[in-house]
Amino acid sequence: MAPGNFTRVTEFILTGVSDRPELQIPLFFVFLVIYGLTVAGNLSIITLTSVDSRLQTPMYYFLRHLAMINFGNSTVIAPKMLINFLAKKKTTFYYECATQLGVFLVFIVAEVFLLAVIAYDRYVAICNPLLYMVVVSRQICFLLVSLTYLYSFSTAVVASSSVFTVSYCSSNVINHFFCDIVPLLALSCSDTYFPETVVFISAATNLVFSIVIVVTSYFNIVLSILRIRSSEGRKKAFSTCASHMMAVTVFYGTMLFMYVQPQINHSMDTDKLASVFYTVVIPMLNPMIYSLRNKEVKAALKRFLKNSCYSKSI
């Protein structure tokens with residue numbers, strides 16, 4: 001067919017989480033609650049680690065940025081998803097779709113590397129406690145977070161640009177609830193070898209590099225904890241990194257499920273399920289994991305609520 005016979009796509013139609021009409025309203029309320037908890041939880045972590053003087057340590061500095069990333073990642077996806085549950089025509093404009101994909105990639109890549117940074121922070125705190133404030137100084141913390149954002153932004157620009165350099169013609173129905181790479185490239189009417197290669201190399205490099213740092217850090221942490229003679233000391237050391245280990249396991253488990261599953265069993269339905277988990281559910285779980293398992297955060301929340309009530313009574 002001649003190129004002139006193609007109609008260039010100016011908007012996409014999202015199929016959503018489910019195409020069953022009877023599930024749209026129930027799913028709307030389920031994800032509304034999830035997004036509400038995500039916003040409340042992450043904004044609470046951001047506020048507490050910003051205003052409480054006892055939470056001005058490197059660990060909580062990284063935790064604050066993780067909460068910012070989780071809030072941003074969820075906000076890029078959830079509001080549009082909620083609107084589409086109620087809309088008859090689930091459309092998104094071409095440049096709106098490109099923007100959503102780019103911003104989503106910024107946050108997801110930043111989360112991958114920030115989790116590795118937090119693992120390194122826990123490794124230094126447990127394995128080299130006397131050098132902790134030197135190795136993880138304020139300047140180092142700022143540098144690590146800045147490099148994380150800079151790299152994630154650069155990666156997002158390259159990956160999203162490569163996805164939108166291909167042609168999208170007559171087919172515009174994205175089998176997903178947001179503009180993700182795989183369902184977008186499936187609609188292209190031109191050769192997708194280049195963007196697929198770029199995305200594969202980027203995703204593989206990011207995941208492998210981050211996982212190596214995390215596994216190496218926690219391997220040394222476990223060895224260090226096992227050398228502690230007292231059971232109370234081992235329990236205290238483990239408790240300082242247990243919440244992060246839980247968050248890391250959930251996040252990387254989901255990401256590996258998407259990339260390691262056999263191609264013969266691969267389907268967009270499983271991709272949707274995994275995507276729901278790491279774009280909507282995990283950003284809700286992270287604040288709960290950290291706050292419920294962290295005495296310092298719970299104590300900071302009590303102080304914050306007490307001071308707020310006291311200031312209102314004056």
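Every residue gets a Cβ built from N, Cα and C, even glycine.
Note: TrEMBL annotation is automatic and uncurated.
These numbers come from a predicted model, not from an experiment.
As annotated in TrEMBL, transmembrane segment covers the listed stretch 200-226 rather than the other ranges in 173-199, 200-226.
A Cβ distance under 8 Å defines the sequence-distant neighbours of the transmembrane segment (60-78), meaning residues of its chain 6+ beyond its ends; these are 31, 34-35, 38-39, 41-43, 45-46, 49-50, 100, 103-104, 106-108, 110-111, 114-115, 117-118, 121, 141, 145, 148, 177-178, 279-280, 282-284, 286-287, 290.
Mean pLDDT, taken over the domain 'G-protein coupled receptors family 1 profile' (41-290), works out to 88 on the 0 to 100 scale.
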